[in-house]
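According to TrEMBL, the protein carries these features:
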| type | residues | note |
| --- | --- | --- |
| TRANSMEM | 46-69 | transmembrane segment |
| TRANSMEM | 89-109 | transmembrane segment |
| TRANSMEM | 162-185 | transmembrane segment |
| TRANSMEM | 205-223 | transmembrane segment |
| TRANSMEM | 230-252 | transmembrane segment |
| TRANSMEM | 286-305 | transmembrane segment |
| TRANSMEM | 317-335 | transmembrane segment |
Amino acid sequence: MPEALEFYAISLNFRINSYLWKSPIGWDSKKNCYFLNGRGHVCPCFWWYFVIFFVYILFTNGICVYILYRHVSGTRTTPLTGEQGTNVVGVLMTGTLLVMIAIGIYKYCDLIIPILNNIRDLYGDIIIFPKPCKLADKPKDTILFGHKIASFRYQDGTLDRLGLFALIGLNVIPFIPLPMVTQLIFVAKTDVYNIFLEEVVHSDILNWVLTVTIRFVLSYILFAESCRTIPFLVYIMGFPVQLIRRCVAIWANLSIRRRYQIQQPVIHFTHMHLIHSAVQSPISNGVFGLMTMGLLLMLNINYSCIRLSVAKIGHYYYLYPITFVVVMTIVLLLLPCAIKIHERTKLLLKNWANQVGNDKYFKRKLKSMRPFRYYAGINDFYFYHTDRSLLTTYLMSIVNGTTDMLLTFK
């Protein structure tokens, strides 16, 4: 996060979405830090909560549940087609993911923002700590299409992959809603509002004049809010995990030969571990919710793109790669890094214990320290921790689930 390109990507994303109503999480581009809009109270961000909890959950998801109930009970005059059913289920799952994010932000907002800024500041202290490989001078800004933006490389000359992902991924997503909604409303005509109204409004003139505008506005609001809120997972979970991974890599490259050389790294490690422990509960909730809803969303999109007609769900084919990249990148930012952090910190503590020699104080100190570990669960009830087998199991679940859906639903 103290890398200029990541600051630039986050700032640009908030500027692009600035035309929308306020969200609880804001970004100060001058200080390069997060802040709370209204200190977490509902009133300053009333419209954000209104859109998610009323427009999306009570109204839109209520319509989705009603449509599915009538389809299952056989009371609909015309059963749902595959395209209609896919859209209804997709909207229902996206709404569930959004409300999980909103509840998490509302519950932990007073903790999340200080922790994010604290990790950023601590990383800034760790990265300037003396180490054998002296950092190169700050690279020059990159010129792209005649505009000056932050450099694509770290201070040591390596490519800033996370910054590039943030710059491209976070700032392409806000431009999805308009073409997506236009194709969904005017071409496919399979939005959930149309599916609901086609049995209520039977006049073509009435259907066009009175409902198209409302359907378009509501659908755009929902897609725009989804494209703004889901990336909050990157800010809250993805970036901090990446920063901890970088800190562990810096500590692993330190050459410890004297007592005073290990004192400051141990202090930094303890400080980072305290921060990590403070957010263990919200992170475990987020990991479990993200993995669960990510799995369901990917199954829905995989099935749609393989089984259903291209002519009727063409919007899925430009939504698919973007959604796949966003969801899977968030997951792959977390799981492999969480696994590496646990394994490397475990090895790091052993190496430090060997490097301090016969220093009894630091041997006892290091023996009492524990490696970082991430869990997935609900409200401090942990179902599993992140290890090597978890990533393989998760990816295989996507493949097996897609295969089962293709064999079950013709």
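Backbone N, Cα and C define each Cβ position, glycine as well.
The stretch with the most CB contacts under 8 Å to the transmembrane segment (162-185), chosen from 46-69, 89-109, 205-223, 230-252, 286-305, is 205-223.
Most Cβ pairs under 8 Å with the transmembrane segment (46-69) belong to 89-109, among the candidate stretches 89-109, 205-223, 230-252, 286-305. Contact between the transmembrane segment (230-252) and the transmembrane segment (286-305) holds: at least three of their C-beta pairs are under 8 Å, each pair 6 or more apart in sequence. Panel annotation: around the transmembrane segment (89-109), residues 24-25, 36, 40, 42, 48-49, 52-53, 56-57, 60-61, 64-65, 68, 192, 222, 225-226, 229-230, 232-233, 236, 279, 282, 285-286, 289, 293, 296-297, 300-301, 304 of the same chain, lying at least six beyond its termini, place a Cβ under 8 Å from a Cβ of the stretch.
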